[in-house]
Amino acid sequence: MKDSFVVTGGTRLQGAIKVSGAKNSVLKLMSAALLAPGTTMLTNCPEIADVPYMAEVLRGLGCEVELDGDVVRITTPESIEYNADFEAVRQFRASVAVLGPLTSRCHKARVALPGGDAIGSRPLDMHQSGLELLGATTKIEHGCLVAEAEELRGAQIKLDFPSVGATENILTAAVLAEGTTTLDNAAREPEIVDLCNMLVAMGAKIDGAGSNTITVEGVDRLNPVDHEVVGDRIVAGTWAYAAAMTRGDITVGGIDPQHLHLVLEKLKLAGAQVETYPTGFRVVQNERPKAVDYQTLPFPGFPTDLQPMAIALCTVSEGMSVITENIFESRFRFVDEMMRLGADASIDGHHVVIRGREQLSSAPVWSSDIRAGAGLVLAGLVADGKTEVHDVYHIDRGYPEFPEQLRSLGAEVERVQR
């Protein structure tokens, strides 16, 4: 039996909520703990399914991992394994983040090709080419990515695309390499800055985090640290869209609003009133939202992970919207599920055209990935009757206690087994 959410539409969401640490950061920080023998403690960790998955990966590499609410303690031995267990790795995409630390510490890594969300091709060629420029050899063998290096040396590296995952693996490989590494066209996401902040606290020498060019001067050894995970901007953005969709009033804490600057500007264009604070923001929507166009881009552009929420809002907005997806080619798969709910949408390659309706109609729908599932739940909040969202194990991988948090804002949502 699998869990589903039953969402009853028609409630205006109101209240305050605090987001926990970012899913897209905590898993990479856990991997970075491999770089430093001793005990690393991460606080403000989200209690999501992917954290125990990553804990299993690290245990398979020889670490001791303790999960205690929003605290994760990782004790890394002086000698670690280099072979990441297939059964643990195949559960989720972020497991490939151990590639850089293992290549750095062990001079060898064997990581099973990862699983995760079905949102399109996410090749590892930039991870491989980056490690090769640092002196490693890489190959795909028996379903695993294998990297080997007698030693790693700093290099000039320019990414074809500002890939978050490739940036992370190159950084974690370069911090213990001999010499200086310059990474051009690096990803600029807040999660990259969070990783760099932790690595610097561990003793790494890194300049330029948050810019297009990051410079790393290799050091001999890193030390374990205590580190607070940065707030989850995607979860925070989801709550912002929930407010706009339900014509609600939600205050979100635990997040730097600058991490969502463009998102909040788009909501203003849709008619929302937005107030920002040093550690949060408030979104109030009193009238029917206005149609807004979107195109996804790497940070500081509009995040692809919030595209499903933007589409959900557009389905009930006044006017026509065009959404362009520039990151993942299969991210519009969930639009078919939105059409089950009555959305007037048509897909043309990397674009979807949406003509807003006054209201959606309830129907059974199926989640194909974390963010699509959240978007379908938001759509259910404005559909008539009860909407059943199936395969919500995807949502559990990215949203801590999602039904409980929705109920705290006044939504009618329950978890059931079918």
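Cβ coordinates are placed from backbone N, Cα and C, and glycine is handled just like the others.
The annotation active site, proton donor is assigned in Swiss-Prot to Asp117 on the grounds of sequence analysis. Residues or ranges marked as phosphoenolpyruvate binding site in Swiss-Prot: Lys23, Asn24. Summarising the annotation, Swiss-Prot assigns UDP-N-acetyl-alpha-D-glucosamine binding site to Arg93, Asp305, Ile327 and lists sequence analysis as the type of evidence.
On the structure: features taken from Swiss-Prot.
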residue : record                                        : contacts (Cβ under 8 Å, 6+ apart)
Lys23   : phosphoenolpyruvate binding site              : Pro46, Ile48, Asp50, Asp232, Ile234, Val235, Arg397, Gly398
Asn24   : phosphoenolpyruvate binding site              : Ala94, Val164, Glu189, Glu191, Asp232, Ile234, Asp305
Ile327  : UDP-N-acetyl-alpha-D-glucosamine binding site : Thr296, Leu297, Pro298, Thr304
